[in-house]
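One structure is given below, encoded as structure tokens.
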Amino acid sequence: MEGALTARDKVGVQDFVLLDAYTSESAFVDNLRKRFSENLIYTYIGTLLVSVNPYQELGIYTVSQMELYQGVNFFELPPHVYAIADNAYRMMCAELNNHFILISGESGAGKTEASKKILEYFAVTCPMTQSLQIARDRLLFSNPVLEAFGNARTLRNDNSSRFGKYMDIQFDFQGIPVGGHIISYLIEKSRVVYQNEGERNFHIFYQLLAGGEEERLSYLGLERDPQLYKYLSQGHCAKESSISDKNDWKTVSNAFSVIDFTEADLENLFGIIASVLHLGNIGFEEDDQGCATIPDTHEIKWIAKLLGVHPSVLLEALTHRKIEAKTEEVICPLTLELSVYARDAMAKAVYGRTFTWLVNKINSSLVNKVGQRILDPLLLLTWKTVIGLLDIYGFEVFDKNGFEQFCINYCNEKLQQLLIERTLKAEQAEYEMEGIEWEPIKYFNNKIICDLVEERHKGIISILDEECIRPGPATDLSFLEKLEEKVGKHAHFETRKLAGPKGRKRIGWMEFRLLHYAGEVTYCTKGFLEKNNDLLYRHLKEVLCKSKNIILRECFLLAELENRRRPPTVGTQFKNSLSSLLETLISKEPSYIRCIKPNDRKEPSKFDDFLIRHQIKYLGLMEHLRVRRAGFAYRRKYEHFLQRYKSLCPDTWPHWHGPPAEGVERLIKYIGYKPEEYKLGKTKIFIRFPRTLFATEDAFEFSKHQLVARIQATYKRCLGRREYVKKRQAAIKLEAHWRGALARKAIQRRKWAVRIIRKFIKGFISRNKPLCPDNEEFIVFVRKNYILNLRYHLPKTVLDKSWLRPPGILENASDLLRKMCVRNLVQKYCRGITAERKAMMQQKVVTSEIFRGRKDGYTESLNQPFVNSRIDEGDINPKVLQLISHEKIQYGVPVIKYDRKGFKARQRQLILTQKAAYVVELAKIKQKIEYSALKGVSTSNLSDGILVIHVSPEDSKQKGDAVLQCGHVFEAVTKLVMLVKKENIVNVVQGSLQFFISPGKEGTIVFDTGLEEQVYKNKNGQLTVVSVRRKS
């Protein structure tokens, strides 16, 4: 327990309502400091979120954090901006009403970042469909574009919003984001042409120069150095280390592609941006008559090209003014000062209206284009709810405050008034009206300041408008004098003339001071009339209306030139816009985020007590805390409360027929509310603690599941019974029909079977008779059956002689089919033979013609395939190859040569070429026998391998016949015969053969059979060859 208390004391309390000294401002600040020092930047005041800008990344905005807060009761987890977003979303879905989240605070307090985090939370956690993915992405990516064109670096904030933005996120009845709409307020156009020291122009200018492609910049006539442009260099901080313009350009470029900007849109848009920079670089000189001239028209040409106007027309419009006098037009030259004013007015008008066009373009891409969803055949449910996000400029106090700060601070006064009306004042008034005991809490009501600014005919804006339109020379000084005359007695207004001796030293002669709810602000009236009028000379309007730039043509319509009525002033437009905004916000349920800036230097971990106390005071946080401590967190009319939670009590469910107040009393008694947790008013129930409401809501969620389960069970039982009865009746009827159909089908089948059997018997009896009606079907059946059976018994090879025996009537057809089948098998076999195999078979045919039935061993040789050669070319001596290189070797085989004298066996190679046969001994050719000199080839009828090549005895070149023994005698003889191309040269002898040894001398080879093969010289000097007898 002590450890828990120590931890709590270290990091403070996460809800200021739990502070013991809740009336002490010091305790309030001390709690903020403790949490800030531990990087706990969020703290609650009831359901209001206080956020302190950490000026650093804390890593608390991950997807896992979003999922952690999704669907969780508000106070179950530590304070977070995601909790505010989730609570607004769940309340919207549960009650089907509209909500808004008001984010307020000084400039630099983190309002824009809070707005982005809420938008990211909705994008990630809301249910999403593929078709609505585009709408979600466009909502997200609209932010970088608007920040680029509407935000700038100021002395207090590197990303200060210089316009007000209200975004409505539209959800359908399922809670899916389907679209959105953005309203912008009072873009600070004067920043386009002038920036204070240490400040920058709008981000887009620097991003374009830093990250734009070389081709784009060349087309726009721009250089990368921002110091070259007057409109970008006045604050002397064009390049800031804390801002990465190049990376931001990539983000903006990607966003443009997501939110449906075409290349033509971007070309026109950046043409306008570049033309503003070129405008700022136009230099004027004064001629002898005191009129303005432009000596260097280089920038004029670029502007004319980018805006699609004629250079001479633009030049004239910047140095002359067109004045209409009844039916005549007079063009008067401008002085140097007025030409500079015209140039700056044109730059501001072009940028301001382009920004408005940009917002409208984004809105057109955010329009909900999803079709209606049909939940019921008789109901089209198109209900849509919205959550609004208000990210508007914070209260600003600079060393020099002008018209823009006046409008911004007036806006903050109105928002403070809204908060007072919706919280402090309205809540206390409600307690009094409902008869709830209450101790009134004092607070400052800033309505008196709002009236000072906006009251009709009497307020500062009305006085400013009068001064702008009155005839005669109206000046900023005359406006200040008019203020002193009409509102000089107001307690919150002061000028140097009206102030006391001490106050005069701090107010200049052209200044006035307003005592705002946030403190005193001194405004310089210089430029008030000019900025309120926002005058653009008619001559310049005509030029812009005729521009070929599509965006400018939409921004400057020709109808403006025809309208002679004076347009409303900037102040009046802003006042009307604020009134419209407040009407929108009042119609929605609010959530509040109060942003606090911890220091003026944008330094992390630095906590400025004085600055924070000032913000706590003017944000009214102490008053809000006191109201929350003393008040009630939730109130609802009896009818609504009973209607929502009646299912929690058996007495009120499903219908309560008595007065709603009694029903609510019965309901809370059953639930178990303690007396200190609630009060019953005249028309409403008030619940003091959020935890009481959340417990009730949890019970309601559980009850809903039970009710749904019960309703589902009853409905399913009813549907099931109805379906069962329906199916049972259908099954009985189907069964009856099916049985009848089966019976009819069985009878028909039996009749059919009788007819078939009768025909079969008749056909069988008369099967041998000529074709007639009695046997026609039988014979067709027999034919068909035979053909069908035959296909499963066809021979697979040519050698397969089997054939299915046919019936007598099909013998002729069977013979024809058999011949066709054999022919088909032969063709199939022949098509499958390769060229190499075909050549081998041809050789086998020659072998058959020579040896079949004439020599033993022929039958065994049939299964031995012939080869191209039995000797590889590498086995032949290179010298031999060189000797016969002029001839191609066709065949080679190892042989044994027997000497003609003595019959000694010697290993040799027999090589056959195209022209001759060679008997080779290693590197020497022993005998060459040309085919032309070949007389014959002899071999025995036995299985020996003796081969005798006969030559002519008269041939002096030959030594005699060659007696060889070869292991592949069939192959060798066949190859030799095919090369000689004479089959009749082979002589298969029986018993013995004579061969030529030398001129006039012959030898004899005797062939015999025995138990084993042998070759030897017998006693008679003959060569005896013994073979084992085989079947031929």
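Positions of Cβ are set from backbone N, Cα and C atoms, glycine also.
Per Swiss-Prot, the phosphoserine annotation among the candidates SER365, SER577, SER943, SER1027 falls on SER365.
Per Swiss-Prot, the range carrying the annotation region 'Actin-binding' out of 440-462, 578-600, 946-968 is 578-600. Note on the region 'Actin-binding' (578-600): DSSP counts are 9 helix, 8 strand, 6 coil. The CA atom of SER365 (phosphoserine) is located 30 Å away from the CA atom of GLY105 (ATP binding site). In this view, the densest Cβ surroundings among the recorded positions SER107, THR112, SER365 belong to THR112, judged by other Cβ atoms lying within 10 Å.
Around LYS111 (ATP binding site), taking its Cβ as the centre, 28 other Cβ atoms fall within 10 Å, counting all chains. Taking the Cβ of GLU106 (ATP binding site) as centre and 10 Å as the limit, one finds 26 other Cβ atoms among all the protein chains shown. Apart from the site residues GLY105, GLU106, SER107, GLY108, ALA109, GLY110, LYS111, THR112, the chain places the Cβ of ASN53, ASN157, GLY394, CYS595, LYS597 no farther than 8 Å from the centroid of the site's Cβ atoms, the recorded ATP location.
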